[in-house]
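The active site, nucleophile annotation in Swiss-Prot covers CYS84. According to Swiss-Prot, the feature ATP binding site maps to SER226, GLY227, GLY228, VAL229, ASP230, SER231, SER232. If you look up Swiss-Prot, you'll see 8-198 marked as domain 'Glutamine amidotransferase type-1', on the strength of sequence analysis. For 199-391, the entry in Swiss-Prot reads domain 'GMPS ATP-PPase'.
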Amino acid sequence: MTDIHNHKILILDFGSQYTQLIARRVREVGVFCEIFPHDVAADFIKNYQAKGIILSGGPESVYDSDVKAPEIVFELGVPVLGICYGMQTMVMQHGGEVKGADQSEFGKAIINILNSTNNIFSNMEHEQLVWMSHSDKVTQTGEHFEIIASSTNAPVAAVAHKNKPFFGVQFHPETTHTENGKQIIENFVVNICGCDTLWNIENIIENDIKEIKQKVGTDKVILGLSGGVDSSVVAAILHQAIGDQLTCIFVDTGLLRLNEGDQVMQVFAEHMDINVIRINAKNRFLDALRGICDPEQKRKIIGKLFVDIFDEEAAKIENAKWLAQGTIYSDVIESAGNNQSKAHVIKSHHNVGGLPKEMKLKLLEPLRELFKDEVRKLGLGLGLPYNMLYRHPFPGPGLGVRILGEIKKEYVETLQKADAIFTEELYKHNLYHDVSQAFGVFLPVKSVGVVGDQRRYEYVIALRAVVSIDFMTATWANLPYDFLSLVSNRIVNEVKQVSRVVYDVTGKPPGTIEWE
């Protein structure tokens, strides 16, 4: 079997918002890589056996900070690529000079390649469109580095060491705004570091199945199945690896999208023949949420009850030794970031449930090394439906945070119907994948309306659709007026409890994507 980790790149994180993008670009080329804090122990770097090292960008100024690349990086004899701050600290640590730029540079720029012989610019045109994001600049390269690219505002746009395979760029090749950024990454990783492109979905599936079999043996495994992307892919890979040793527990909270519980059972229990226990807990959740209006309280109640029900059912499964979870690589990085990274962590990751205290279960995380886009590709490779893998994100508490205030059965049913109409029309008009997230929100206020000659006094539904790259920021989706009119008419005519539909035109910031 191919060792997909045999050729790997080590990325040292100096706190850039783009660090995960670097890793994703390296993996897109077909090479495994991992991200670690810049101050990780020298022995760790030495023993990691990387084929090459990438130094990320960062928010600090090199001349004001004691944050440097570990000297071991430059002593191992492996190729090094410094990006933005990474280039600046590398040059400075080799006798160069970095100063604050007269003017910060953020945005697109044209660089001129001065030397493309056997370096990161091999086989590229002399003019390149790149993405700059810096306030400092290299003013002196020192005796060891030469300039291999420049721009109007950044005379030192890229450098190469005269004797060693060390390269630096002032711009960000990892962003999509840098036109041929992937080529630069590929030149470094494949041509300069000499990595074989072993990281692909076929090899990952083969490797994961072998690892799961070796780890689990004949033990039984429990998985909390939600119907979301991560748990669905975990279910599929575990089923291929260990078959009937896997039992999935699907807690139907009653707060899912219309018919979602049935769809989950159809895909996994019927089509894939996976052992799924469906727990109808709708009434328990409604009872627990009665009279509760505060969003945080609702989240806590839903989360705790979910765990309690999962624990009850898991305890009934005899000889279970493992609890599988859908932890992915960005979760791992975020969790590490709370303790180690200089990047601003927006939220920490908490897998629903975690390890129940009274259960002596070992944790199994088959997706731990994969980014979300890789998880989706893995799911396709395992035969899961495209529409399941590329659905819009859905919050853990479900419709519980899309119904403002108290949650009642009639509110849930009303929102499910309205939301389903919105989603159906997005698909029909080929708009679903043009937006990053789209959903309905139930407002517990009544508004007067007229149908025929009759006055109606019913509830309001807000439609929300946003476009976002990372969900940290978002713009409201500029959906066609004719489309919104059609959706509104359908909802008011087909959902009797609704008399008015509004469209949310708030970005993030100042708003959040979800209403609660």
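Note: Cβ is positioned from N, Cα and C throughout, glycine not excepted.
This view paints the features noted in Swiss-Prot onto the structure.
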residue: CYS84; record: active site, nucleophile; Cβ neighbours (10 Å): 25
residue: SER226; record: ATP binding site; Cβ neighbours (10 Å): 23
residue: GLY227; record: ATP binding site; Cβ neighbours (10 Å): 21
residue: GLY228; record: ATP binding site; Cβ neighbours (10 Å): 16
residue: VAL229; record: ATP binding site; Cβ neighbours (10 Å): 22
residue: ASP230; record: ATP binding site; Cβ neighbours (10 Å): 20
residue: SER231; record: ATP binding site; Cβ neighbours (10 Å): 22
residue: SER232; record: ATP binding site; Cβ neighbours (10 Å): 27
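Each residue in LEU225, VAL233, VAL234, GLY326 lies on the same chain as SER226, GLY227, GLY228, VAL229, ASP230, SER231, SER232 and has a C-beta within 8 Å of the C-beta centroid of that ATP site, without being one of the site residues.
Note on proximity: among SER226, GLY227, GLY228, ASP230, SER232, the binding-site residues of the record, the Cα nearest CYS84 (active site, nucleophile) is that of ASP230. When secondary structure is read from DSSP and collapsed to three states, GLY228 (ATP binding site) falls in the coil class.
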